[in-house]
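**Student:** Can you keep this structure in mind? I'll have questions shortly.
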Amino acid sequence: MMVTLLGATTLVLVTLAPWVLSAAAGERPEGESRRRAGGGKNLKSPQKVEVDIIDDNFILRWNRSDESVGNVTFSFDYQKPGMDNWIKLPGCQNITSTKCNFSSLKLNIYEEIKLRIRAEKENTSSWYEVDPFTPFRKAQIGPPEVHLEAEDKAIVIHISPPGTKDSVMWALDGLSFTYSLVIWKNSSSVEERIENIYSRHKIYKLSPETTYCLKVKAALLTSRKIGVYSPVHCIKTTVENELPPPENVEVIVQNQNYVLKWDYTYANMSFQVQWLHAFLKRNPGNHLYKWKQIPDCENVTTTQCVFPRDTFQKGIYLLRVQASDGNNTSFWSEEIKFDTEIQASLLPPVFNIRSLSDSLHISIGAPKWFENKPVIQDYPLIYEILFWENTSKAERKIIEKKTDVTIPNLKPLTVYCVKARAHSMDEKLNKSSVFSDVVCEETKSGNTSKIWLIIGIFTVLLALPFVIYAVKVLLRCINYVFFPSLKPSSNIDEYFSEQSLKNLLLSTSEEQIEKCLIIENISTIAIVEETNQTDEDHKKYSSQTSQDSGNYSNEDESENKTSEELQQDFI
């Protein structure tokens, strides 16, 4: 029995196996396939699907694959990043036309999205997948909204950015839009293009009672997107006003003040001046009540006004002037842009000089103005430095970007003079200051001078003993010549006996007699020396006496005998 059941079960499975395998492989049973084909056999997928995104409007367009097949609808699915399944696209289900709008879908405009479409009747076509895209990159800038106001010789243009008030597409770029326009007289085809205007712009120097037409487009330069033009708007200027607006408004710098000047045709007028932050012009809306009065330029009766430089902090401003005769007022003058960095004059730098060995070190600081306050200059500067010897007019120049500069290879112990001026590195500013005051400083002794000083000291120390010895020898010679010693020579000391000296000292009471001995013949002395061999001391004395001829001697009476004996011996 058991074997019979197993055999029957096996037979059933074998019979159903082909059908199960075909179903698992996606094949429909023959009956199902015929039912699909009975309604719309070989239904083809749509082709050439295009995605158009303008501001916050998301539009899909496509072409039918077979125009002969009627009553066909189309449906879209979408898929976000990180999703495995597809979701029905709202606004694009069962569409009978070839266009649908899915702007209601909340998307991250910076994320990629996938779309697919298929045709549907009784059966469906295969899916046609659209190339993935990022909404922000795909989006185009639509036309801005424009509102016009007319004056006698001007038109005021109010521009609202593209998109709706709560725009998602341009939420981060609303303040980055730049605008350009094309304007022409309605009676003429000559067009004038004006680029890079604010969201509130005023066109001057028009003709009264004349119709002008214009169109505006927006652009995002950072994203390289250029929009389409707005519809054409036309307006007619008013009758010419009795008082014209001031003209040729300009700002100049005088010392620590700004001077605002303008031209006007009539006398006995009063004027007022207003200012506005330039960045407010980029914001859409009416800025009429954001203009502020310059305190020193209210109800002035001259065509200029003076206000301190500290009235404005660093930035860009707009200035305008209005005239009044007490009863009537003019329109505002043309607005001028006032950049404190460009309009302000560049002041000369302040620097200190420190003398080093054979060089000068220069420290450049910020210039100073009213009440000795330093000037803050954020734009980069380069410095031109001129220096020369105080005794010469030959100037040498160096250009430096640094504020600490060293001038090397200078002469030691020499006075050098220095002056400097600043130049703006920004070509748009194109400004240079005047030269600073001249500062002079003497360089210190260099290493070479120190070496020679050391060598000189060493040489003096070496030569000092020789100099001392030479001085001593010279002193001896001077003493010998000009201050001789009175002490008798050694020969005389040997001749005189000790007893003779005593007698000489004791005979002071007796009269002293001067004796003079003249030797005529030296040869006689030689004979005496040869014959007289008995008394060597006597010969020595005789020889000494012959050499000292002409000298005078003083002897007492005790020596007379000796002198006489000597004379006899010589004879």
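In case you wondered, yes, glycine gets a Cβ from its N, Cα and C as well.
Not my notes, these are from TrEMBL:
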| type | residues | note |
| --- | --- | --- |
| SIGNAL | 1-26 | signal peptide |
| DISULFID | C92-C100 | disulfide bond |
| DISULFID | C213-C234 | disulfide bond |
| DISULFID | C297-C305 | disulfide bond |
| DISULFID | C417-C440 | disulfide bond |
| CROSSLNK | K515 | ubiquitin cross-link |
| CROSSLNK | K539 | ubiquitin cross-link |
| CROSSLNK | K540 | ubiquitin cross-link |
| COMPBIAS | 542-553 | compositional bias 'Polar residues' |
**Student:** What does the structure give for the C-alpha distance between C297 (disulfide bond) and C100 (disulfide bond)? Integer Å is fine.
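**Tutor:** That comes out at 60 Å between the alpha carbons.
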**Student:** How many Å separate the Cα atoms of C305 (disulfide bond) and C92 (disulfide bond)?
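**Tutor:** C92 (disulfide bond) has its Cα 66 Å from the Cα of C305 (disulfide bond).
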**Student:** Given the disulfide-bonded residues C92, C100, C417, C440, state which is nearest to C234 (disulfide bond) when distance is taken between Cα atoms.
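**Tutor:** Of all the candidates listed, C100 is nearest in space.
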**Student:** Tell me which of the disulfide-bonded residues C92, C440 sits in the most Cβ-dense spot, judged by other Cβ atoms within 10 Å.
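**Tutor:** That would be C92, with the most Cβ atoms nearby.
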**Student:** Can you count the other CB atoms that lie within 10 A of the CB of C234 (disulfide bond)?
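**Tutor:** Within a 10 Å radius of the Cβ of C234 (disulfide bond) lie 11 other Cβ atoms.
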**Student:** Expressed to the nearest Å, what is the distance separating C100 (disulfide bond) and C417 (disulfide bond) at their Cα atoms?
**Tutor:** 82
**Student:** If I take the alpha carbons of C417 (disulfide bond) and C92 (disulfide bond), what is the distance between them in whole Å?
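**Tutor:** Rounded to the nearest whole number, the Cα-Cα distance is 84 Å.
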**Student:** Taking the Cα atoms as reference points, how far is C440 (disulfide bond) from C92 (disulfide bond) in Å?
**Tutor:** 85
**Student:** Between C92 (disulfide bond) and C213 (disulfide bond), what C-alpha distance do you get in Å?
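**Tutor:** On Cα coordinates alone, these residues lie 40 Å apart.
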**Student:** Rank the disulfide-bonded residues C213, C305, C417 by the number of other Cβ atoms within 10 Å of each Cβ and report the first-ranked residue.
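**Tutor:** When each Cβ's neighbours within 10 Å are tallied, C305 leads.
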